[in-house]
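Report on one structure; see the data block that follows.
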Amino acid sequence: MSEQAQSLTETDIGPNLSNQLEIRGVSRRRFLKFALSITAAMGLPFGMSREVLAALEQSQARPTVIWLHFQECTGCTESLLRATHPTVESLILDLISLDYSETLLAAAGHQAEQALADSIAQNRGNFILVVEGSVPMRDGGIYCKVARKTPQEMLHEIAPHAAAAVAIGSCASWGGVQSAAPNPTEAVGLPVALEREGITRSDGSALPVITLPGCPASPYNLLSTVLYYLTLKKLPALDAKGRPLFAYGHLIHENCERRPHFDAGRFAEAFGDEGHRKGWCLYKLGCKGPETYANCPAIEFGDVGGNTWPVGIGHPCFGCAEQGVGFHKALHEQADVKSVTPPAFFPEIFTEHPGGASLAGAALAGAVGGGGAVYALNAGKKLKKAEAESSAESESESR
Amino acid sequence: MTEVYRPVGGKLLTRQFYFLALLALIAAYFLVRRFIFGIGDVSNLSDGYPWGLWITYDVVTGTAIACGGYAMAVAVYVFNKGQFHPMVRAALLTSVFGYTLAGASIVVDVGRYWQLYNVFLPQYANLNSVMLEVALCISLYVLVLWIEFSPAILEAMKANRALRMLRHILFFFIGVGILLPTMHQSSLGSLLIIAGHKVHPLWQSDIIPLLFLITAITMGYGMVVFESLYASVNLGRKLETDLLAKVAGVIPWLLITYLVLRIGDLTLTGNLAALAEPGRAPILFAGEMALFGYAIVSLLGKARRRHPTHLFWSALAVVLAGALYRFDAFLIAYNPGPGWHYFPAVGEMMITLGVVAVEIMAYLFFVKKTPVLAAGH
């Protein structure tokens, strides 16, 4: 930490994010870059980056977040906390007021439950409910209990008072790994659980649910969603399954860096074969990119950079984000291509010849040129005759 | 606009027609090979020369030659020269097939033709792409041309109801038919701006879109004159010297504008100095200038324009000059870097010859069987 930063800690630190950047060792330049890239990830136009920046810097209204864990592995929380830009990401966490999270809470036992009850009482109708994990519907949900309460009971208690809900990860979105056959707990995602339990907001209107599937969900999609809300004071455009279109609007297949290989018919046929080593398309190894909607090829995954996301490192996408694909289809099963299934036969597109003039080619070019010239000369001659005739005609007419 | 158009009639299956059909059949053989065994089987195209004879002739030169319909529409509908209206249908006919076959050539030329449909999917459109503009604009224009030309076919079919309906909306398509070529003929030039230093300095220029547009229009007029003279010689029609002389009168002024712009630009950018460099580029440049110069000189005088033979040779010079300009810029004076060579393979040339043969066959068919040429006055 620099001396200047140290002196800052000693003096007054303002309430805004911008006041804390230097203390956390984040340069202004890096912060601006982050704001720009997150604007792009949200699918907002370049000009909006200024508003996003303002929302980042001057956010006074820190929305309260209550984060519940149901049947899950805490992978989504981990991926958010372990992002390799921890400074920036923890700043984003500072943007929200995380009043209750079983993973991050310092308090324990009754103290923690009290914090939850207090927060709901204070922020009635205004907080955002984040749910991580699926809801077990069998036997009234007894397979998952926190503080002696089943997920159903917790949702009945908390959800009616939330402003909106975010289902983070595939489990909360559509059931995830627990919903894989035979699905012993009858696990479902948050949207289905709310519907089956008949839970609405306290005024009777439906609780809006944003689903961010992925196993784990990409932390940037959560950050983008939160920032979108802070910047524009509204929820982003969602698809029929509640996924933000800016992140889940395109198939992985559409933006995949290996797409040209798919189009050209260059497939890896087995792990470690020549095609696999050359980075060819993984479709025939069971890549589910052609039926999975997510922005992994654009923002990659795991935040390591350098082309690290499953397909980038040579593993077929297994469709973790897509209901009915991830944990449901076998790894080796070929994807049900949403766009165009590749043909079985691809004509070669590379020429074997050196490209210079061949004797036959030169002869043909000469013949065409010569033939054209002869034909033109002939036509010219005929025309001269016709011209003479017509001028003779017009002369005789004028007489 | 009350001309009467009549089919020329006469025997369709002449010796020449059979010869053209033979060329088309040979081309069909190579086309089948191309689509089954791949583009490398019939062509010499490479990563250095992805644009060979097919793009340079069939598309870039072919559509410019097929600008007759566009050039005549500009004259008749924009400059209100109704006297040229009798020639519009014949000009449109050359345009319809020139453009349709240019579009078809793209399918032949694109290595992975089975991916071509993606161009038309809006979700993949890159709106900054010149290539996309050219692709969409030319496809749309092919449709528009068929609609513009359809009255001739409908008249031959005696489909009077459809004809009446079409008359009400035709003005719209004529308007679009003037707009679209203006867009893509200039964009065909813009394609070269992106190629940067690969295009020889004598051809590379920021105003290349304008230069391509002007030459396309002059080539269109040149082709109209050429086509009319061709019909006179080979189909026994009366010479339309009066009208042709008037059409041809525009050409030298367009060419002078073009030369002033081109040489002016070369002088301002200092690229004219490349003329002093050794190699074939200055010779090619001089060849273009000679052809353009010949056309200007022989079409500038009113008296000379009234001679059909003069018209014939100078119209040919206009078309050849424009074609050479395009060949030089796209292919001959194009340098993709060391190690690349290109000369069209036999299969490539035969396919292009086949395309030309089909164009002429289609011309003969429509002129003889449908009302395209105006009945003599």
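Glycine is treated like the rest: Cβ placed from N, Cα and C.
Copied from TrEMBL, the annotated features are:
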- B:12-31: transmembrane segment (TRANSMEM)
- B:51-79: transmembrane segment (TRANSMEM)
- B:91-110: transmembrane segment (TRANSMEM)
- B:130-149: transmembrane segment (TRANSMEM)
- B:169-195: transmembrane segment (TRANSMEM)
- B:207-231: transmembrane segment (TRANSMEM)
- B:243-261: transmembrane segment (TRANSMEM)
- B:281-300: transmembrane segment (TRANSMEM)
- B:312-334: transmembrane segment (TRANSMEM)
- B:340-366: transmembrane segment (TRANSMEM)
Two-stretch contact, the transmembrane segment (B:12-31) and the transmembrane segment (B:207-231), at least three Cβ pairs under 8 Å: no
Residues of the parent chain within Cβ reach of the transmembrane segment (B:130-149), under 8 Å, 6 or more residues beyond its termini: 59, 63, 69, 89, 92-93, 95-96, 99-100, 102-103, 106, 119-120, 166, 170, 173-174, 176-177, 180-181, 183-184, 187-188, 190-191, 194
In contact by Cβ distance (the transmembrane segment (B:169-195), the transmembrane segment (B:243-261); 3 or more pairs under 8 Å): no
Feature contact check the transmembrane segment (B:207-231) with the transmembrane segment (B:312-334), CB under 8 Å, 3 or more pairs: yes
Result, the transmembrane segment (B:207-231) in contact with the transmembrane segment (B:169-195) (3+ CB pairs under 8 Å): yes
Remote residues contacting the transmembrane segment (B:281-300) - C-beta distance under 8 A, at least 6 residues beyond either end: 200, 202, 222, 248-249, 251-252, 255-256, 258-259, 274-275, 310-311, 313-314, 317-318, 320-321, 324-325, 328, 332-333
